[in-house]
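J.: A single structure is presented below for examination.
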């Protein structure tokens with residue numbers, strides 16, 4: 001795939017500059033352009049042209065940010081290589097705006113871009129998803145937009161060749177590792193679980209179990225068996241159930257010792273890096289062999305490799321039954337890592353996110369077994385309802401915070417790998433701007449509803465999609481200008 005590099009479109013830039021200078025009423029015209037492939041380059045060039053506000057004109061040349069009001073030139077931060085995976089619907093629209101307003105004006109990135117939009121996945125028979133995952137493994141940093149996982153209705157809508165698998169599932173199965181999700185906390189966003197004053201990080205084992213299972217409908221009376229055929233030796237059969245009457249359903253699933261060990265190591269490492277205790281939850285009292293294997297491997301690795309480090313930091317590891325852990329989490333103040341099996345992590349990550357106030361305020365980072373590779377993404381869907389409004393030219397107020405943090409968490413890992421202090425400071429500044437802007441009262445509608453309730457929210461209480469991103473861009477510029485040079 002071709003690398004994405006910024007291209008200048010002088011005509012569009014100067015037309016826009018002239019338009020703002022001579023016809024200020026038309027200074028927002030790029031926002032009105034539909035984001036079609038036919039005019040996307042003009043749209044990007046025009047929106048790049050003025051990122052510092054109506055009263056301060058600017059454009060990009062030779063890897064520098066030029067501010068015509070201040071007559072100063074600031075070199076971009078050299079930020080290395082990342083793999084960008086484009087997505088679908090409203091999150092794709094927001095994704096482009098994030099790059100235009102918050103990322104590309106400040107960073108000189110080598111972006112390896114893969115289009116994971118539904119149409120392109122279908123056109124490539126989903127090969128593009130595999131190529132993207134391979135590129136993430138090669139360059140160690142992947143940054144992914146939210147994507148559609150097709151169901152029957154989507155197959156019909158997009159006229160798909162088949163019902164393609166979840167791109168997230170495909171990527172996770174190729175890369176392995178653990179998905180860690182953490183709430184983004186703002187002081188003025190009330191929590192449904194009021195006692196949660198610190199984040200809870202959910203570590204979801206991103207391999208196997210129900211997500212790689214074989215399931216089927218048993219059509220009538222008969223016996224369902226599982227057979228293990230060793231590489232050397234005789235097959236071993238296990239009777240699952242003898243069905244009567246109209247039958248039922250059956251399921252066979254698996255996991256591997258290697259994957260469980262990778263899950264354990266990444267969980268222990270995250271706990272050490274955060275300085276927080278780690279809990280593993282299973283139902284080993286029922287699934288004595290299956291869940292018992294998770295419990296035993298975690299305990300073995302902890303005793304051999306991590307106990308001394310944990311005790312030196314004053315933290316601990318503990319296994320708990322899943323039902324007990326859920327109850328304990330509700331009573332806690334937060335401030336711990338919760339390692340979950342695949343399905344449990346899928347459920348609990350959304351539950352915990354909502355407990356902190358909003359699904360739009362959650363980071364999601366896949367940490368791979370090699371310790372060097374991560375893939376960050378927004379922990380929510382493609383916001384289809386807002387996209388339908390956007391297509392009709394109607395106003396939307398879509399929360400971009402999780403998508404912005406997908407970029408910052410990926411960039412922070414790039415900074416760590418490259419020992420790039422400038423990139424680290426920039427990424428931390430962008431995250432701080434997001435939180436500070438919301439705490440100052442500038443937010444999207446979903447967050448205003450969290451504060452006031454749906455029935456009490458008025459239009460003056462929130463910004464639309466574009467206004468909020470403009471406000472973030474304005475505040476980011478101010479924050480970066482006030483920071484001392486490294």
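Keep in mind that glycine also has a Cβ here, set from the backbone N, Cα and C atoms.
These numbers come from a predicted model, not from an experiment.
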J.: Return the residue out of 149, 214, 227 that TrEMBL annotates for the same D-threo-isocitrate site as 166, 167, 168, 169, 170, 171, 172, 181, 204.
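T.: D-threo-isocitrate site check in TrEMBL: besides 166, 167, 168, 169, 170, 171, 172, 181, 204, the record includes 149 out of 149, 214, 227.
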J.: Roughly how many angstrom lie between the C-alpha atoms of residue 149 (NADP(+) binding site) and residue 346 (Mn(2+) binding site)?
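T.: Rounded to the nearest whole number, the Cα-Cα distance is 15 Å.
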J.: Please work out the number of neighbouring Cβ atoms within 10 Å of the Cβ of residue 386 (NADP(+) binding site), leaving out its own Cβ.
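T.: If we count other Cβ atoms within 10 Å of residue 386 (NADP(+) binding site), we arrive at 22.
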J.: Taking only the Cα atoms, work out how far residue 147 (NADP(+) binding site) lies from residue 283 (site 'Critical for catalysis'), in Å, as a whole number.
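T.: Given the Cα positions, residue 147 (NADP(+) binding site) is 32 Å from residue 283 (site 'Critical for catalysis').
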J.: Please identify which of 283, 331 has the densest Cβ environment, defined as other Cβ atoms within 10 Å, among these recorded positions.
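T.: Of the recorded positions 283, 331, the most buried by Cβ count within 10 Å is 283.
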J.: Between residue 211 (site 'Critical for catalysis') and residue 346 (Mn(2+) binding site), how far is it from one CA atom to the other, in Å?
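T.: If we compare the Cα positions of residue 211 (site 'Critical for catalysis') and residue 346 (Mn(2+) binding site), the gap is 10 Å.
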J.: Do you see any of the binding-site residues 331, 384, 386 whose C-alpha is within 10 Å of residue 323 (Mn(2+) binding site), and which ones?
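T.: Matched binding-site residues: none.
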J.: With the cut-off set at 10 Å between Cβ atoms, which of these binding-site residues ends up with the most neighbours? Options: 147, 149, 382, 384.
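T.: Compared across 147, 149, 382, 384, the most Cβ atoms within 10 Å surround 147.
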J.: Mind looking up the mean pLDDT for the domain 'Isopropylmalate dehydrogenase-like' (81-472) in the predicted model?
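T.: Here the predicted model's pLDDT, averaged over the domain 'Isopropylmalate dehydrogenase-like' (81-472), is 96.
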